[in-house]
Every structure is written in structure tokens, then in C-alpha cells.
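The structure under discussion appears below in the form of C-alpha cells.
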Amino acid sequence: MAAVLAGLGGALPAGVVTNDDLCRELDSTHEWIETRTGISERRMVAAGQSTRDLAVEAGARALKSAGRSEVDAVVVATTSADRLCPAVAPEVAHQLGLGTVPAYDLTSACSGFLYGLASAVGHIASGVADRVLFIGAEAFTTMVNPGDRGTAPIFGDGAGAVVLRRGRPDEPGAVGPFDLGSDGSLADLLAIPAGGSRQRSATGGPGHEGVPAEDWFLHMEGRPLYVQAVERMTASSRAVLDRVGWSVPDVDVFAGHQANVRIVRAVAEELELPDDRVAVNIDRVGNTLAASIPLLLIDAVVRGRLNPGQRVLLSAFGAGLSWGSTALTWPDLSVEEVC
Ligand code: COA
């Protein structure tokens, strides 16, 4: 028995923000951002639009792609939920007309898609569910200081969703073994200090005495993260290839988390994977955290880069620190372009 990928769908906010748009308010240039990150533009939510809205849209498309609207559970991976409490997943399930199914959020930043996928697979493996809707959804640009040139250019908003169903391990789409890991000793490299139980929201909002305004936004140390991302994604990819019994030349498409095109290329180089096997969409969407890999897979499918029968390696890295990888043979899915 295995969990098999049965549906895939995505959502992006309509608002396109180019590097030039950003640089009107930011001490940076299109050239710097594009050269150092590979990003040309990203999507940002409009006022009043939230992670839930993107999750609902992506979820509806994934259910359509799967050809059936019933599921037994909804899992949402997000680090930018609409509110600290409650989780966004029950509202998403409600808005999708899924009734009173179990629904919860999971927070694992940029590795959220891998952690959430493992959870969804676990529900099927344990017999708790036959079909699971799993969504990675983020409006993370709302958590980034628009005046911080170290973080503002990097992130984008979006959502990607999959439907998993109970199936056989030898079917295309059977999600393979996982490698997951974390290192909390480096938690401060990527963090939003305020708003949780440590710097209590009860002591006031942005600008409150004792809670510096910038602590309500993301803090990031880019250089050490870069090094960790390359090391962890490379080691995790190798671990999963060992578990699934593939060697590097067996991989047709490497779908690595889109944090920086240089990170993805560096991992591919470490693995000795040729450039033409590396999927990239960061130029158009930026880093969308838990939505990154499903949006990348959709892009690869609609561009004809990823076809049924091809072997895909997924790998992600993010705050926590946390990382994860898995592999699957691509199934025959009908996937709508996300505009
Ligand atoms: N525009 C212009 N200059 C910028 C800039 C920007 N947007 N951001 C930083 N700089 C400057 C710095 O101030 C620094 O100047 P200095 O040399 O005069 O001090 C210089 O560019 C180099 O900065 P550095 O931070 O070392 O750049 P970098 O090449 O490491 O690129 C990141 C920065 C953030 C793009 C890169 O470190 C990265 O992608 N890290 C990983 C981030 C990540 O993965 N985050 C999410 C985890 S999933």
C-alpha cells in the first residue's frame, strides 16, 4: 500500500511585482537581485487577500485535477497563516465544501511541502485516511519588512496543492521514501522574533516599547543559510536516492525548493546532475516557502519539462533549520496552468 499523487493545482495572486517596482522603494537594483538570486518578479497578495484565499483556490484546482471532490483530511503547510490562532485548514476545508473532515496546519517554513507531504502520506499509510488534500500556501510577503533589501526581494506569495490517494507502491505517482531532518541550534538564522510566546503579542504591537518594530518582520542571515541549504539539500537528496534505489543519472527532473537559483544549481552541481534536469521557476515567483515545490512542479508540467513516467527528486530546506527530500515517478495528471 502506498500514497499516490492523484491531483495537482496552484494559485498565484494577480499582482506582479517586478524588481524595478521593488527598487523604487528599496536601496537595490534589478541587476543585483537577478544576478544574486535569479528572481525577476514575484506575485504579492492584494490588500484583503490572505493565505486562506490562495489555499482555497489551489485546493479547488487540485481536487479538479484529481477528478473527485471528496477527501478524508485536509493538511495545510504554512508559515503565514491568516492568524496565529486558529489554523487556516478548517476554514479552507469549509470553503471547499469538504464538510467536517479533520483539518490542521503544519509549520515548517520552506521545507513545509516535504514535511506536509510526509504527514499526508502518513495518514494514508496508517489507515486514517484514503484520500488527503495537502496544500502549501503562503502570503509571506506580509511578514517581510518592505524596507529590508536583504529579504524584501526574495519572497513571493502563492499556493500549491496535491491530492493523495491510497494505491500501490509500483504505481506511477507513488510517493517514495522520505529523508527529513532538522537542526534547531541554528534557529536564529531565519526567524520572526515577535508575535509568539517569547516576545509576547500581549505586550503590544509593532512599535510597542520593548518590542522593536523590526522584530515583527523576518530576520535572515543569508550567507550561512546559503551554505546550510546547499549542504543539507545535497545530503538529503543523496539519502533519498539511496533509499529509493536510484542513482543520480536516473533522475529526470530535480525539483528543488526555489530559495535562490544559485542554491538549486549548486546542489545540482554537487550531485553531478546536468543543468537541463533542474526545474526552475524562481525567476517568476520568488521564494514561496511551502508553495514553492508544487508551483514548480505545475510549471514543469505545463511547459512540457515533466512528463508521465519521468523520475522526479524533490528536496527542500528552510527555517528551523529543517530539510527534507522524497522521490516519485511522475503520474499522468491533468494540470491547469497557474496565471
Ligand atoms: N541589493 C543590493 N545589495 C545588496 C542587497 C540587495 N538587495 N542585499 C544585500 N546586498 C549587499 C550587502 O549589503 C553586501 O554588501 P557589502 O559587501 O558592502 O557588505 C553584499 O550585497 C553581499 O551581501 P550578501 O548578503 O553576502 O549577499 P549574498 O550573495 O549572500 O546574497 C542572499 C544574499 C540573501 C541572496 C543569499 O545569501 C541567499 O540567497 N541566502 C540564502 C537565503 C535563503 O535561502 N533563505 C530562505 C531559506 S529557505
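Cβ atoms here come from the backbone N, Cα and C positions, even for glycine.
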Per TrEMBL record, range annotated region 'ACP-binding' [choices 163-167, 183-187, 248-252, 258-262]: 258-262
Folded-back contacts onto the region 'ACP-binding' (258-262), same chain, C-beta under 8 angstroms, at least six residues removed: 36-39, 110, 154, 226, 229, 280-283, 285-288, 292, 296, 317-318
Cα-Cα distance linking Cys110 (active site) and His257 (active site), given in Å to the nearest integer: 7
Averaged pLDDT, computed only over the residues in the region 'ACP-binding' (258-262): 98
The domain 'Beta-ketoacyl-[acyl-carrier-protein] synthase III N-terminal' (104-184) - residue tally per DSSP class, helix then strand then coil: 22 helix, 28 strand, 31 coil
Mapped DSSP class for His257 (active site), helix or strand or coil: coil
Between Asn287 (active site) and Cys110 (active site): CA-CA distance (Å): 8
Number of Cβ atoms other than its own within 10 Å, given for Cys110 (active site): 32
